[in-house]
Amino acid sequence: MSGGSGPLPYSMRDVGAGGAYNNAKFRHRSRLKIVLQSLATNSSKYRCGKFTVGKFLSLLMVSGLLYLFLHKSPEGLVPDELLGKEVNNNNVRRSPSEWTSRQKKVKEAFEYAWSGYRNYAMGYDELMPLSHRGTDGLGGLGATIVDSLDTAIIMGADDVVSEASRWIEENLMKRISEKGQVNLFETTIRVLGGLLSAYHLSGGDHAGSVDSGIPASYKMANPERLLEVSKDLADRLLLAFTSSPTAIPLSDVILRDRTAHAAPDGLSSTSEASTLQLEFSYLSRVSGDPKYDREAMKVLEHMRTLPKVEGLVPIYINPSSGQFSGENIRLGSRGDSYYEYLLKVWIQQEENRDSSLKYLFEMYTEAMRGVKHLLVRKTVPNELVFVGELPFGRNGDFSPKMDHLVCFLPGTLALGATKGITKKKALENNLLTDEDIENLQLAEDLAKTCVEMYFVTSTGLAPEIAYFHIEGNQEGGPDGGYKSNKYVNDIIIKPLDRHNLLRPETVESLFVLHRITEDPKYREWGWQIFQAFEKHTKVDSGGYSSLDDVTSLPPHRRDKMETFFLGETLKYLYLLFDESNTLPLDKYVFNTEAHPLPVMRSVEQASHSV
């Protein structure tokens, strides 16, 4: 079918008999297993009789094959980090102590990343690990420090907590008063979100140690100072809302001048305007000042009234007119977290789910139906499920392109289906509708595709963007370089899309899906991804580096460690391997930068939950 023909609805007809997720069809038959089976079959030939030259040569050949399979080759034989890939099934059961050991490895990686930042870039937004210096690309507010603080609290990395909280107490308020232009969205999700999460986890609202599961013995930050800094920053960011002629905020704020302005083209990203509410609503709750929640929620209330395409929206919106701009529809950059926050804001404000915020869940539900009807396709020849784009709206051609950013969606779909409790518990209590079960199935299918974006490459790390072969659109293109992967011909990775920025979206979804389905394969996949990060992105002098090309060995490094590697990627991996259900998903909601904030209950609801 051509890219511009009618949609292929995703439904339960696309899954196996009985609606079960048939993971067996995705399993790779290990080459090592084949060799061992061959050796076992032929071993009887060598149990008696003379040891002939032919037998000697046979043994030599088998030994040579075993050597090849156990050692990495740049020509595409099994990379070290992908050995044992046959564990991607439901039969693997590792001991709790083994997962605790792997969790410890993630904590060590976090401390190693922090050491590089502390030694060469302390006070800057980000580390350039190869150049041994810092860079300010996010407004100069020490973004890595704030993004890392709650991760350090969760992991019990006490030295990092001390160093980060000391810097914040001594420097951040002054930086906020002196710095110039910042992006409203990035500053809200990274800095404000990080401050508020650390405030909560440090006991600032007197609930930090009740539901979080974080040991009371772990070091905390000074919550009073964190709240003080949060309010000062938010008061300046509010200018983006109050300076706009419509409910849609302007994109940028000049902190020192307390002014705001639109982007040069006059437009705001839809996702950026609609991904502020978790943070501002929680700040209103803990500060007692309703102005933050009031301004942020106006955005979603306004978007409720705008025309949509089966719940889907264009990726740009004009703050001058309050209307969407263009027809480009996608769940990647500039569109992604609009859909995420429809669900998460509804989850966060539990006391209003069935009343004033019911419309948010209805918008989310309609949008997911639109995704299934208009954007979900399957690849050829192996039927990977993916989410494409409509660059020119519903009447334009379908693009089989998926950003790595879209890999947030499996976790969001799973969260929307069970509202954070396990699938088992939801089924036992008859809480899942047919649509919930269908969405869970789609979540698992999409997660499989996201991890294959890693496993088809030579490095075992995903590109920033992938294209997919679909029926009727057999456009050729380069593959990921790992020729033995079953899906190497389903996924196209174009030269300009081969970079890896240490992004978190796939491991985010693996964490959520493991919590909800309790399927061990998500942990196994996450461990393989972590090993690939360790092998290819770790810098000898400290820190980790983004990569230019995940399809080549050795990969060229970009000299940048994004703040979200510490704030999100390593946090989600740590929680994926957690054995104690730290930060339960029915009591916490993670903002789009992985900063956990508590579900807000009324006093009566809170007393019933104890």
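Cβ from N, Cα, C; glycine included.
Taken from TrEMBL, the feature active site, proton donor covers Glu186, Glu464. Per TrEMBL, the feature active site maps to Asp336, Glu505. Marked as Ca(2+) binding site by TrEMBL: Thr592. Residues or ranges marked as disulfide bond in TrEMBL: Cys407-Cys450.
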Nonlocal residues around Glu186 (active site, proton donor), in sequence order (Cβ under 8 Å, 6 or more apart): Leu138, Gly139
C-beta crowding around Cys407 (disulfide bond), within 10 angstroms: 29
Cβ-Cβ distance under 8 Å to Cys450 (disulfide bond), same chain, at least six residues away: His404, Cys407, Pro410, Ala462, Glu505, Thr506, Ser509
Cβ neighbour count within 10 Å of Glu505 (active site): 24
Rounded inter-Cα distance in Å - Thr592 (Ca(2+) binding site), Asp336 (active site): 10
C-alpha spacing of Glu464 (active site, proton donor) relative to Asp336 (active site), in angstrom: 14
Asp336 (active site): tally of other CB atoms within 10 A of its CB: 25
Neighbour count (Cβ, 10 Å) for Thr592 (Ca(2+) binding site): 26
Number of other Cβ atoms within 10 Å of the Cβ of Glu464 (active site, proton donor) across all protein chains: 21
